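Working notes for the structure below.
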């Protein structure tokens with residue numbers, strides 16, 4: 001903020017100089033009012049004076065004020081008093097001329113007297129010494145000692161009063177054209193001056209008596225000097241008006257600068273808030289990536305569990321082979337005697353009960369798994385709602401940031417408009433300065449040309465005035481150069497501000513674009529999660545229906561086996577009680593062996609089907625766990641195995657349970673045996689297909705591709721980091 005402090009210091013210096021110039025102008029005007037008493041003797045010159053006042057009053061504003069500012073830099077205290085008393089003095093200017101205007105002019109009865117050379121010398125001495133007096137009063141006592149009082153003093157006093165009224169009337173006209181002027185200090189002192197101005201007519205009487213021939217030329221020179229002094233007075237008044245307007249304008253610019261500073265600070269605070277919000281959003285994105293990594297670790301754990309399940313399946317297949325060997329041994333024992341058949345049937349019943357118990361346990365575990373799956377679904381729903389709330393909050397923040405950017409753009413437009421207006425004012429100021437300089441140069445040339453016709457004393461006075469005018473011209477040029485430098489500095493600072501605002505707007509646009517991209521990604525992930533949830537719900541319903549169907553089929557088959565076991569028991573009891581012949585016994589034995597073979601095949605098919613159902617239940621459990629633990633993994637439950645298993649069961653039903661009580665011997669038994677062997681082969685093929693389904697291959701390929709994509713995204717994506725601090729800090 002060093003540039004702002006420098007600018008404030010320069011503005012303060014400029015205001016001090018303006019006040020000093022106004023004070024000195026007022027002081028000069030008070031001292032020069034005494035010597036304008038003889039303007040009434042020359043009405044043509046007075047009319048020309050007023051005309052030139054209106055013509056040159058607006059042109060000599062800026063340059064004369066700058067010269068007076070530089071010439072009198074040490075009168076700040078008097079400037080303060082002059083600025084405070086503006087209102088009361090302007091009222092005096094408006095009322096006092098009307099009082100004097102009501103009095104009749106006695107200039108028509110007054111006979112103009114000629115002054116002597118000592119009086120002219122006193123006048124020049126007074127003009128040279130009037131700039132050093134602090135109060136603007138003329139020491140007229142010296143003139144009283146030199147010039148005796150004549151009887152014509154009342155007429156002189158009246159002429160002085162009329163000249164003062166005409167001068168003040170001209171000043172009042174200038175004040176009405178530009179209100180707010182600070183140069184009206186001469187009004188309260190007019191009532192004190194008639195006693196002092198009485199010395200001027202006495203001096204004029206001596207001049208008329210001493211040198212009547214030289215008086216006409218001297219009076220012409222004095223009238224020219226009065227005209228020039230009146231022009232300078234008018235210029236001083238117009239310059240004071242301009243200084244007042246410049247003071248007001250500087251105050252307004254200071255207020256605008258304070259407002260702009262407050263706006264910049266507010267914008268910096270808003271920018272820091274937006275940076276904090278972006279950091280929070282990035283932290284949320286990092287949390288989501290960590291959650292994805294956790295899901296990947298859970299998938300790896302599920303893979304390990306799948307391998308363990310495969311190992312358990314292999315152990316169960318080994319147990320199945322052991323059971324098959326045991327079954328073959330039981331069959332051999334059953335051939336040895338009918339007593340062993342009852343024992344084998346009992347063991348089969350026990351195994352069926354064990355199978356029922358295992359089925360119940362599996363059902364209970366399935367229910368527990370279902371409850372866990374429902375809890376996880378509820379948790380996913382809660383997470384989805386939280387994500388939706390976060391998305392809405394991000395959209396709201398985006399709209400707020402967009403509004404702030406629009407407001408900043410409007411402020412930039414306003415600053416540009418103010419810059420254009422300042423440039424236009426500077427151009428106008430340059431044009432006015434050039435016109436004033438041209439008018440001054442013309443005046444200097446005219447004074448040079450007229451100096452050859454004047455006397456020695458008038459040439460010295462005009463040369464002094466020329467030197468002063470040249471000095472004023474040089475000082476005004478220096479002031480213009482200073483103002484140009486300040487203008488260039490302000491223009492560069494404004495360009496820097498515009499560049500900074502443009503860069504900040506671009507950064508805000510980039511941040512908004514990043515937020516929009518993040519919101520779009522979150523929306524897509526939300527839609528994917530919703531679709532995955534719906535698919536998992538459908539698969540869960542399919543699984544429930546499938547388990548219900550398998551339960552019903554197993555219960556019906558268990559009832560059928562119990563009925564067959566009861567029939568076998570009845571046959572065994574009937575065998576002991578019957579007294580049939582040997583042929584009947586042989587035929588019955590043959591039928592029993594065939595039925596035993598059929599029952600064995602049925603038991604084998606049931607055991608294989610039971611194993612397949614157990615494997616299917618385990619696979620469904622794994623799929624449900626994987627779906628609940630990793631909803632984004634995109635795993636799908638394959639229902640082809642269930643359909644194939646159901647088709648196999650439907651195909652086994654007519655073969656195994658059709659006409660079990662009639663025509664067990666003969667060709668029918670052979671055909672039935674062949675059908676059972678074919679059915680057994682088809683069941684084994686189904687088990688092989690269940691162990692190696694094509695859906696599992698697709699699932700494995702999909703999981704591998706998903707993990708590969710996640711790793712590529714995590715390794716290649718690099719979030720944008722802002723290392724710079726916010727502007728508010």
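Yeah, the Cβs are placed from backbone N, Cα and C, and that goes for glycine too.
Per Swiss-Prot, the phosphoserine annotation among the candidates 116, 217, 338 falls on 116.
Region 'Disordered' is the annotation Swiss-Prot gives to one range among 606-625, 626-645, 646-665, 666-685, and that range is 626-645. Record note: among 571-591, 697-717, 697-717 is the stretch given as transmembrane segment by Swiss-Prot.
Within the model, the topological domain 'Cytoplasmic' (2-696) shows a mean pLDDT value of 68, rounded to a whole number. Among the modified residues 2, 27, the residue whose Cβ has the fewest other Cβ atoms within 10 Å is 2.
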